[in-house]
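This report concerns only the one structure given below.
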Amino acid sequence: MKLSHFSSFVALSSAEAELDVMGITSDSRKVEPGFVFVAVRGAKADGARFIGDAVARGAIAVIADRDSAENLPDVPVARVDDPRLALAKGAAALFGKQPETMVAVTGTSGKTSVASFTRQIWERVGHAAAFIGTTGVVAPGRDEYGSLTTPDPVALHKLLAELADEGVTHASMEASSHGLDQRRIDGVRLAAGGFTNLGRDHMDYHPTVEDYHAAKMRLFTDLLPKGAPAVIFADDPWSQATIDVAMSAGLDVLTVGRKGAFLELKRVEHERFRQRAEIACGGTIFEIDLPLAGDFQVANALVAAGLAISTGTTPARALLALEALKGASGRLELVGTTGNGAPVYVDYAHKPDALENVLKAVRPFTTGRVVVVFGCGGDRDRGKRPIMGEIASRLADVAIVTDDNPRSEEPASIRAAIMEAAEGALEIGDRRAAIREGVAMLHAGDTLIVAGKGHEEGQTVGDVTLPFSDHEEVRQALRELAV
Ligand SMILES: CC(=O)N[C@H]1[C@@H](OP(=O)(O)OP(=O)(O)OC[C@H]2O[C@@H](n3ccc(=O)[nH]c3=O)[C@H](O)[C@@H]2O)O[C@H](CO)[C@@H](O)[C@@H]1O[C@H](C)C(=O)N[C@@H](C)C(=O)N[C@H](CCC(=O)O)C(=O)O
Ligand SMILES: Nc1ncnc2c1ncn2[C@@H]1O[C@H](COP(=O)(O)OP(=O)(O)OP(=O)(O)O)[C@@H](O)[C@H]1O
Ligand SMILES: N[C@H](CCC[C@H](N)C(=O)O)C(=O)O
Ligand SMILES: [Mg+2]
């Protein structure tokens, strides 16, 4: 491809426009001959420092910040206001294809669930559909474990082009606040966007909750074309602010939930492992049997149905498809029950609102005690630790505080920060031992939630990620208890 394909977002001389581009990256270590290197300022380093390295490895052109003051190398350097945006646009131009209908969902909690549900609805109605998010990539013939919630633009556009080549026509993805802030999806052509809710998260990255909300709002203000559908959960404290932003951006605002106008939740009857919902859409009432536990899953299902309907699926087919939904791995997932019938769930609540919701969700079906095993990640928002400690001790009968990816931090000090506000909690650092203790104490009528790691397959201590699965540990503990 000629560099001239980049001319809509970088100024190029006629000689530069004729250069052949073989690839694009913001990581000098990944540069191969013929690549364009984009120097971005990161959280840890300034990419401009690596321009020399990139050129030595064969970069034929560099895109950099207007004010990066590095010595200029012997290749053309295009100056832009926003190198991350240029990276996203460049990756989109270079890979050139994506599934025709794509939606993105943002919000503090529920993104993985909504994006997964949307894919399942599309699949059910006969589309070749993909999911891209925290748990990885799911598409016809693919089920891959993931790392970032929103992949970096180069990985993302490479994947989207592969999916399009494989015949995938529909894709739903998660838009994390990091991803939106870092322009990771600015090159994606989106048909619709979704919003679930806003709570405390990533306060290590965003200075204030307003800044965090604004980062999420880029989906509506900067990424969706005017008139595109914005499916917004209506019952969250941040719903109105989000609706206002989407309205001002000229989007077609479709609200869902008890206060929803597009999909109105009229009534829900909860059972332990399923719920029956009455949903009004365009004057018709649909009665839907949702095979999932947890109030919040009704909200997630409504946002997903809204996304599917607003991109062409009929309401009847989209809502009927909810009856066959499977929960995303590790989201209030029933992994087993003890001999005396106490259920054990694995859940991904690693932030305050999620923990609060999941503990409240199981209470109505717990005649005995709610037991929770949880921790907080190292090198992440420290402020959430006592908040989650307080929530666990208030909403669970037994809280066991353990380790969850301590990373570079001292595990005991993370636990101490949680314990400070977790009155009466037990502290068992070793997560395996904590899960065994939680399982062993269950009586008939109790419920155990193992929270924080969900689908994860490792425990990161220092720089090392050791294999670890809450699913596997729960199964093992249940087996041991049975003998
Ligand atoms: C804080 C953060 O978001 N960092 C992401 C960001 O890195 P960065 O730009 O800040 O990188 P940096 O290390 O400061 O380096 C600056 C630049 O110099 C380059 N460099 C560096 C060294 C070198 O030798 N040569 C070189 O060119 C780097 O490639 C980079 O372009 O951009 C990178 C490429 O997209 C990401 O891989 C990286 O994610 C890190 C690994 C990460 O842990 N991110 C997490 C916090 C994250 O993004 N989480 C969200 C939300 C999760 C959720 O709640 O669901 C997600 O979407 O996953
Ligand atoms: N709509 C919701 N409202 C509140 N809590 C929710 C909601 N949906 C899910 N949760 C809780 O949040 C956890 C994570 O859910 P999910 O993975 O769908 O969200 P996410 O936004 O993708 O999270 P992450 O940003 O961590 O990837 C669940 O295990 C559950 O505890
Ligand atoms: N995407 C989130 C996931 C956190 C999961 C939890 N298990 C932890 O390690 O803190 C993050 O990287 O902050
Ligand atoms: Mg997610």
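The backbone N, Cα and C atoms fix where each Cβ goes, and this holds for glycine too.
Bear in mind that TrEMBL entries carry predicted annotations, made automatically and left uncurated.
The domain 'Mur ligase N-terminal catalytic' annotation in TrEMBL covers 22-88. Taken from TrEMBL, the feature ATP binding site applies to Gly107, Thr108, Ser109, Gly110, Lys111, Thr112, Ser113. Under the heading domain 'Mur ligase C-terminal', TrEMBL lists 330-454. Sequence annotations record features per position, and here TrEMBL assigns meso-2,6-diaminopimelate binding site to Arg380, Asp404, Asn405, Pro406, Arg407, Gly452, Glu456. Feature annotation from TrEMBL assigns motif 'Meso-diaminopimelate recognition motif' to 404-407.
Here the features listed in TrEMBL are placed on the structure.
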residue : record                                : Cβ contacts under 8 Å, 6 or more apart
Gly107  : ATP binding site                      : Val114, Gly194, Phe195, Thr196, Asn197, Leu198, Lys216, Phe233
Gly110  : ATP binding site                      : Thr196, Asn197, Phe296, Ala299, Asn300, Val303
Lys111  : ATP binding site                      : Val105, Gly133, Thr134, Thr149, Glu174, Ala175, Ser176, Thr196
Thr112  : ATP binding site                      : Gly133, Thr134, Thr135, Thr149, Glu174, Ala328, Arg331, Tyr348
Ser113  : ATP binding site                      : Gln297, Asn300, Ala304, Gly327, Ala328, Arg331
Asn405  : meso-2,6-diaminopimelate binding site : Gly377, Gly378, Lys453, Glu456, Gln459, Thr460, Val461
Pro406  : meso-2,6-diaminopimelate binding site : Gly377, Gly378, Ile414, Thr460, Val461, Gly462
Gly452  : meso-2,6-diaminopimelate binding site : Asp347, Tyr348, Ala349, His350, Phe374, Gly375, Cys376, Gly377, Asp404
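Outside the motif 'Meso-diaminopimelate recognition motif' (404-407), and at least 6 residues removed from its termini, the chain residues within Cβ reach (under 8 Å) are 350, 374-380, 414, 431, 452-453, 456, 459-462.
Across the structure, Thr108 (ATP binding site) and Arg380 (meso-2,6-diaminopimelate binding site) place their CA atoms 15 angstrom apart. Under the DSSP three-state reduction, Arg407 (meso-2,6-diaminopimelate binding site) is assigned to strand. Here the binding-site residues are Asp404, Glu456, and the one whose Cβ sees the fewest other Cβ atoms within 10 Å is Glu456. Cβ neighbour count within 10 Å across all protein chains ranks Arg380 highest among the binding-site residues Arg380, Arg407.
Proximity of the binding-site residues Gly110, Lys111, Asn405, Pro406, Gly452 to ligand 2, judged by a Cβ distance under 6 angstroms to any of its atoms, singles out Gly110, Lys111 in sequence order.
Close to Ser109 (ATP binding site) in the fold, though at least 6 residues off in sequence, lie Thr196, Asn197, Gly199, Phe296, Lys351, Asp353, Ala354, Asn357, each with a CB less than 8 Å from its CB. Checking the binding-site residues Lys111, Arg380, Asn405 for a CB within less than 6 Å of any atom of ligand 3 leaves Arg380, Asn405, listed in sequence order.
Among the binding-site residues Lys111, Thr112, Gly452, the residues whose Cβ lies under 6 Å from any atom of ligand 4 are, in sequence order, Lys111, Thr112. Cβ proximity to the ATP site centre (mean Cβ of Gly107, Thr108, Ser109, Gly110, Lys111, Thr112, Ser113, cutoff 8 Å) flags the following additional same-chain residues: Val105, Val114, Glu174, Thr196, Asn197, Asn300. Same-chain residues that are not part of Arg380, Asp404, Asn405, Pro406, Arg407, Gly452, Glu456 yet have a Cβ within 8 Å of the Cβ center of the meso-2,6-diaminopimelate site turn out to be His350, Gly375, Cys376, Gly377, Gly378, Asp403, Lys453, Gln459, Thr460.
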